[in-house]
Each structure stands twice: as structure tokens, then as C-alpha cells.
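Taking it in order: structure first as C-alpha cells, then the write-up.
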Amino acid sequence: MVYSQPHVYATIFALSVLKACALDSYIAAVYEHSVILSEDTKIPVSPEDALMLMNKNMDVLKGAIKAAALQGARIIVTPEDGIYGWVFTRETIYPYLEDIPDPQVNWIPCTDPDRFAPAPVQERLSCMARSNAIYVVANIGDKKPCNSSDPKCPSDGHYQYNTDVVFDSEGKLVARYHKYNLFVTETQFDYPKEPEFVTFNTSFGKFGIFTCADILFHDPAVVLVSKLQVDTVLFPTAWVNTLPLLSASQFHSAWAMGMGINFLSANTRNSSLDMTGSGIYAPNGPRAFHYNTETENGHLLVVELSSHPRLSPTYPIAVNWSSYATSIKRFSPDDRNFSGVIYFDKFTFTELTKPEGNRTVCQKDLCCHLSYRMVEKQEDEVYVLGAFDGLHVVEGEYYLQICTLLKCKSTNLKTCGQPVATAHTSFDTFSLSGTFGTSYIFPEVLLTGVQLAPGEFQVLSDGRLISQNGTSKPILTVTLFGRWYEKDPP
Ligand SMILES: *[C@@H]1O[C@H](CO)[C@@H](O)[C@H](O)[C@H]1NC(C)=O
Ligand SMILES: *[C@@H]1O[C@H](CO)[C@@H](O)[C@H](O)[C@H]1NC(C)=O
Ligand SMILES: *[C@@H]1O[C@H](CO)[C@@H](O)[C@H](O)[C@H]1NC(C)=O
Ligand SMILES: *[C@@H]1O[C@H](CO)[C@@H](O)[C@H](O)[C@H]1NC(C)=O
Ligand SMILES: *[C@@H]1O[C@H](CO)[C@@H](O)[C@H](O)[C@H]1NC(C)=O
Ligand SMILES: *[C@@H]1O[C@H](CO)[C@@H](O)[C@H](O)[C@H]1NC(C)=O
Ligand SMILES: *[C@@H]1O[C@H](CO)[C@@H](O)[C@H](O)[C@H]1NC(C)=O
């Protein structure tokens, strides 16, 4: 192809405009959506009925998208399963699916709806993005026909994928991601053959996308951050809160800090499944979060973030997570340790019997050290220090190294590790560290009422998670949650 002179000028002009418009910060939005569910997901419905239900949900999302745009948001994330809900079979999800093309086709469904028709959901999402001039992130289902030329082709003749899509502010499809780490209950969907590493550039930073259980695994999550150097992760999720260590805001904000990126997490809201907890998290702490135990309503969060957090003066220092813990002697012998279970994993615990002290508890190669002082030791509350070093094997297999200070459910030590959401014991100070073999550590501090503690704790470069001045509310858990990806089974 021969380029004419004007085209070259136009390119140079476009590049300088792009540079001039590059933003140091931008406004981000996430919407926690209370999904309108189908009455019965075990009976197949017609495509018309499926679309009617999806339109009801998109009517709600439309309001949130408009409200976010009016507050200046450049991008909004909506939840996983947010348009049709959950608990489908392969057959009953089918009428909800659309064939979603590779974004390389360069398609604006809003202005060219027939090109890959039928695609009414993509068309409507694209129009919402375009008419509000905002990037829209949504989760829908993709179907891809296959046949006997592919030995893996399912017997019903197509693949079905749990899929995230992104439409830019002109309504163009710019990203399509097929969820790689399906949760065990998602039998309606197929696993993609290979993990997809989906990114896109904007004038307000580089974005990557993955969904729900993906956050526990190396591919694609860690590759997007460590190798592809995205600035912000987009995270549609339908996350069931699992205290004491894996409630949504607690773990997602910790992942943002541990990985050093912005993280936009939109959860679904459903009280009977304990689904709530959405947030906008930065590397140096949560900027906005929402945890709803009061209502079944949705909720919009809108807040400003750095476009390139790695270049920001407040970017956290590099941390050697084992430096302090390997440099000191064990505080106390493991004389009164005992076993307890957190989410199917057998921890070694030691009770904090005194109002202040220095304690160590070990399991396999991991020793966890804690120095602490309580404001006042409560007679009716028991806290323990716990260590776990091993392979988690229920609902997914992944290797963990965890140090945790937590409140037991009751004064009976057998309840240590069980979910509990309230506490009355405040700490003046704490310092938690561990002899970790991995450098992927996610620091969590969770207060009574399942509340985060932005700005109330620090991670030091030697790997200590500390609070010098205490936290604003009593403590549920203080945790260094480590993932040792190299030890995962293949
Ligand atoms: C089988 O599928 C492949 C790719 O999906 C396609 O190219 C081919 O034409 C199909 N063959 C038949 C017999 O439908
Ligand atoms: C994003 O921009 C960077 C350079 O600014 C470039 O290296 C990268 O290939 C771009 N990525 C995409 C997905 O366009
Ligand atoms: C929450 O989800 C359950 C299980 O799918 C469903 O039965 C219930 O109606 C949902 N609650 C609301 C308020 O939608
Ligand atoms: C972290 O600190 C420990 C102890 O000082 C040292 O042995 C190790 O090499 C350090 N790790 C890195 C990656 O610098
Ligand atoms: C307690 O600690 C000792 C010494 O480290 C260890 O051998 C033992 O297995 C631990 N007990 C439990 C229940 O973890
Ligand atoms: C804990 O250890 C520190 C030094 O590591 C010491 O200054 C402090 O007195 C100890 N606290 C208690 C209660 O033993
Ligand atoms: C703790 O309080 C002291 C004195 O009020 C203050 O100088 C220090 O900056 C505070 N530290 C943190 C981490 O907030």
C-alpha cells in the first residue's frame, strides 16, 4: 500500500493529539447489581423470553451507566452473570447466548447491528456505551459452532463460554475474554482450550480483564499484571463471601495491593447467597467499596484513580515478603498449638492468651510471627495466630501459604476459623510477618462488620504488615494471604 502525504500528516497529528490527551487520572465506576433472575432455570425458554429477561437487567444497568457517565466516569464495570443470572444447565443457558466475534473485526454493533446478527444484547450494550460516551464492561455468554473435525467439540455442536465484553466510548467491541477458571458449579459453560490474555489501551491507561475464580490462579491474572503490565484490571464477578479470609472486598482489595495495580470489581447482590462487596481498589489501598447487608438493591461506586499507578508518587515500595521473618528468631515455642480448619484447609493455630505479646506459629516451612497489643482483652472473645502451608483441594486446587490473626467464632477453640462477622476487640498495634517461599502475598485487614481499613495499616519493605496507631474499629482478621503458583498441580 502506498501512503499519500496527507495520511502521514494525519497520523502524526493523531499521535500528538493522543499524547496531549493522555490522562494522568480518570474516573472509574463499578455497579453492584441485584440480578433479576429467571423463575426457573431448569426449563428451556424461547430466545424471545430469554431476551425479555436480559432486557429487564439491561434496563437497570442502563440507569447505572448513565449515572456513572454523568459523574464523569470513563469506564464502568458491571457484574458477572449480571444480565441473566445463574444455575443453568447447558441446554437452558443456550437461548441467552450470542455469537461474539473477535474484536479484531472492528465492529460497532450499535451502528451496524446486522453485521453479526442476531446480537441484540451486544447491540444494546454498544448503544449504551456510545450514547453515554463511556467504556462499558459486561459479562454475557458466547457460543461458537464446532463439528466432528474438532475431536473436543461437544455433542451438541457448539462451545459455550462465560464471556466478558468491553465496548469503547463509541460503542466498538474492543475486548472479548472467555473465562478460563470456571467455578465447579458452572457446568453450563466450556473451558477455553488455552488461557486468553486480553488487554486494550486507552488514553487513561492499559487495561486487562478476567473474572471471578480467575483471581485465584496464575493464568491469565498474574500474566496480565506481571508480564503485560496492565494498569487497571476489570473484574466482573459473582462472588459468594467466604469469611474469614475470602470475602469479596477483603480479598480483591488485597490482590490489588499485592499485585500493585488498580482493580475494578463489580459483584452481584443476593442476600441468600451472601453475594455483595464491590469496590475500586488502588495499589496503596481501597478508594471506594460497598458491602451491603441491609437491602437487595444495586449500588454505584464512582471514584478517581491514577491512570498509570506505577508512575504515581504514592506507588508502594517493593517488598521482600520474607525478609523480616527470616531474620528473627522464633518468638515462642509451639507448645500450645492446635489444629483448626479454614475453608477446608487444616491450619495450625496458637491462642493469644495475653493482652500483648510476641508469638510464632509454624506449619511445614512457613513460620508466622506476630507482635501485638490489644486495647483491652475481652473475656468473651478469643483470637488466634494461624499458619497454613499446603495445597488447597476443594473447589479448585491451588497452593497456599497463609499467616493470619483472627477472631474465633466463640470462646470454644474448636470454632476458630469459622465465619464470624463482628468483633469487639481493638488492637493498639500489630505486626505480622511470615517466612514465605513465594513473593505473591496479598495483605488483608478486615474490621468488624466486614469493613476494610484504608490508610490504617502499612506494608513495610521487609514484609511486615503493621499498624502503629491501631485501627478505627475492632479487628476480625489480619492476614498475609500467599499464593505459591509454582507448587500448583499442572
Ligand atoms: C467444520 O467446522 C470448521 C470450522 O469450524 C469449518 O471450517 C468446516 O466447514 C466445518 N465442516 C462441516 C462439514 O460443517
Ligand atoms: C498498548 O500500547 C503499548 C505502547 O504504548 C503497545 O506496546 C501495546 O502493544 C499496546 N497494546 C494493545 C493491546 O494495543
Ligand atoms: C438469590 O438467589 C437465589 C438462588 O438463585 C434465589 O432463589 C433468590 O430469589 C435470589 N434473591 C433475590 C432477592 O433475587
Ligand atoms: C529477601 O530477604 C531474604 C532474607 O533477607 C533473602 O534471603 C532473599 O534473598 C531476599 N529475596 C529477594 C527476592 O531479594
Ligand atoms: C505443634 O508444633 C509442633 C512443633 O512445631 C509440631 O510438631 C506439631 O505438629 C504442631 N501441632 C499441630 C497440631 O499443628
Ligand atoms: C516483643 O518483642 C519486642 C522486640 O522484638 C520487645 O521489645 C517487646 O518487649 C516484646 N513484647 C513482649 C510483650 O514480650
Ligand atoms: C501514628 O501516629 C503518629 C503520632 O500521632 C504519627 O506521627 C504517625 O504518622 C502515625 N502513623 C501512621 C502510620 O499513621
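Cβ coordinates are placed from backbone N, Cα and C, and glycine is handled just like the others.
Taken from TrEMBL, the feature active site, proton acceptor applies to E80. Under the three-state DSSP scheme, E80 (active site, proton acceptor) falls in the coil class. Around the Cβ of E80 (active site, proton acceptor), the number of neighbouring Cβ atoms within 10 Å comes to 27.
When secondary structure is read from DSSP and collapsed to three states, K179 (active site, proton donor) falls in the coil class. Sequence-distant contacts of K179 (active site, proton donor), defined by Cβ-Cβ distance under 8 angstroms and a gap of at least six in the same chain, are Y161, N162, T163, D164, F189, P192, F210, T211, C212, D214. The active site, proton donor annotation in TrEMBL covers K179.
Taking all protein chains in view, 25 other C-beta atoms sit within 10 angstroms of the C-beta of C212 (active site, nucleophile). Feature annotation from TrEMBL assigns active site, nucleophile to C212.
Per TrEMBL, domain 'CN hydrolase' is recorded for 31-307.
Taken from TrEMBL, the feature signal peptide applies to 1-22.
Under DSSP, C212 (active site, nucleophile) is assigned to a helix (H, G or I) in the three-state scheme.
Per-residue pLDDT, averaged along the domain 'CN hydrolase' (31-307), amounts to 97 for this model.
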